[in-house]
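Comments concern the structure below.
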Amino acid sequence: MSRVHIREQRRMSRDMRKMRRYMRKSMRRRTREGPRGIGAAAGIFWTYRSELAPVYTMISLTFSASVAHRMWGTGAIIVVALFCLVGGSVAARRYDRRNERGYARVVLFLACGWWAAGAITGPGHPPLPTILMLGGACAAIPWWAHRRRRSRVRVERTIRAWPVLAEDAGLAGSRVMSAVVDAFGYTARVALRRGMSARTAIGRSDEIASMLGVRPNSVRVTADPDREDHVIVRVTETDPLARVAQWPGHGDITPTITEPVPLGVAEDGTVVAVSLLRRHALIGGVVGSGKSGLVNAILASLVPAADVDVWGIDLKGGMELGPWKKALGKLATTPEEAVLLLADARDELTARARELAARGERTWHPTRTRQALVILIDEFAELPGEALDIVDSIARLGRAVAVTLVIATQRPTQEVMGNGATRSQMDVRVALRVRERADTDLILGAGAYRSGWRTDGFSLPGAFLLLDPEHNTPIPSRAYLISDETVASIAGKFVAPIPLPPASDKQHPEQSEDPQEALWAALVDAGPDGVAVPDLVTATGRSRRWVYYALHQLQDAGRVATTDGRWRAHE
Ligand SMILES: Nc1ncnc2c1ncn2[C@@H]1O[C@H](COP(=O)(O)OP(=O)(O)OP(=O)(O)O)[C@@H](O)[C@H]1O
């Protein structure tokens, strides 16, 4: 939890304590001799203290200036005013937003100035009363209009009314323990009546939304991992996911499979990222829910990573993965090609397992020369039966050798997933919009819907819930949207390297179409003097970037060396 949240939570808890104390006192006062009218008026002044704060400030300034005018000399007044100015200005640092800090400091400066003038000349001395009224009104407008303040006040009142309202939602006896307000809504920890289970409260989220008078589907209730009689209630007042999350690009980060892949933005504004190294992923959602968009977000991060080779199966005839073709190690667009690709993946897996055994190692650690392999399968349901057995064995054995499956499908039923253990091997689950409640359980696992993992209410494409070892609470998020131009630009920039020629191959083919072979031949022909990159560009017919990429691959494999900008093949 951020420092801002902690501070906000402390402030809310403090206000709630004060409110309870005040209510107890006022109850006691009412039951004793105190006149009812005064108690009621005090209650109103307390309830609307936030809205009336500018008025209270003006009254306190006038009163304290009048007392100081009678009791203190000019020197003491100026010292006190300066002291308040400096102290208040330091205290204003606690506001995390620049405009809030600025507002607090301007108001403080004006208030201290007015107070010092009022204390020296007397607060009733013209034109001080007029200045106070006009200045107070101007300073009050931003205060009254401030969205975060209004939202905090609304939450406080909701919390105060909770014990009464909760009865209508079938949660009688529950109370709010703490609440945190953020830019999009608030999160409250609610203690349930003894004997009531978290599951009962989770099932009442629609009733709570009705009780609070908020939008449908804007209340999410989840279990508190520490206590069965507590739940976390999240109320989203403005939907942060309504805006399309544009893909932010790679920034300064060098993509690698060893780091989590950013998928999109969560409702609290944080980036949602998922680790795909040694983990298989299942993405599910109805037609148009944004499965392919999510696959694009994954590809945009994996394709530029030097330590991973990405293969794709797109049984929509290449409609979705076609634009990535150049950047993919292999792409299958028909059921027959898919079976061949999966068979190659299984051979690769077996070869890696043998290599690990020969080295006496248990885990494949991806590098530029020993890459991880990620196989993306869009429209998994279209795979032919013979492919399912191979998928099953890759799902079971792929982790240790860094061969990962990312599967996208509409409904991952047992029939679609085959009779093997493929679904149970999926460590990362991403649920997009589903039509029926039971489909959430199909994607995320049995019991997910009853535990608050609900995506049947999602209406926007790309909205998802992520369940993996690092994400165990249902936080609605929206996938990054990647434009076709961005896909084309990434795929064009990070062309998949052509497999290296075997180590023994030193023959210069007479007429080679293969640029990798032409590169190797040019390096071998150059002998010990080596060859410059422009000559290699001519020999291969490829770009300078491609030549450098291929040369660095060969260098990593110990097959070439460079001196003074000239490259030569090792004997
Ligand atoms: N993250 C997103 N943000 C905004 N719009 C999106 C997002 N993802 C997808 N969309 C939009 O939703 C539409 C459908 O998306 P997409 O093709 O990814 O869905 P799908 O689940 O793969 O559908 P199908 O099952 O037909 O393949 C697209 O036109 C796209 O513009």
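Each residue, glycine too, has its Cβ placed from N, Cα and C.
Listed in TrEMBL:
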type	residues	note
BINDING	G285, V286, V287, G288, S289, G290, K291, S292	ATP binding site
DOMAIN	258-441	domain 'FtsK'
TRANSMEM	71-91	transmembrane segment
TRANSMEM	103-122	transmembrane segment
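Neighbour density at the Cβ, taken as the number of other Cβ atoms within 10 Å, is lowest among the binding-site residues V286, V287 for V287. The residues near the ATP site, meaning same-chain residues not in G285, V286, V287, G288, S289, G290, K291, S292 whose C-beta sits within 8 angstroms of the mean position of the site's C-beta atoms, are G293, Q410, L432, R433, P461, in sequence order. In the structure as shown, the Cβ atom of S289 (ATP binding site) sits within 10 Å of 25 other Cβ atoms. Sequence-distant neighbours of the transmembrane segment (71-91) (same chain, 6+ residues past either end, Cβ-Cβ under 8 Å): 104-105, 108-109, 112-113, 115-116, 119-120. The Cβ of K291 (ATP binding site) lies under 8 Å from the Cβ of I283, G284, G285, D378, A408, T409, Q410, L432, each of these being in the same chain and 6 or more residues away along the sequence. The 10 Å shell around the Cβ of G290 (ATP binding site) contains 25 further Cβ atoms across the protein chains shown.
The most densely surrounded of the binding-site residues G285, G288 is G285 (count of other Cβ atoms within 10 A of its Cβ). Averaged over the domain 'FtsK' (258-441), the predicted model has a pLDDT of 90. When the binding-site residues V286, V287, G290, K291 are checked against ligand 1, V287, G290, K291 have a Cβ within less than 6 Å of one of its atoms.
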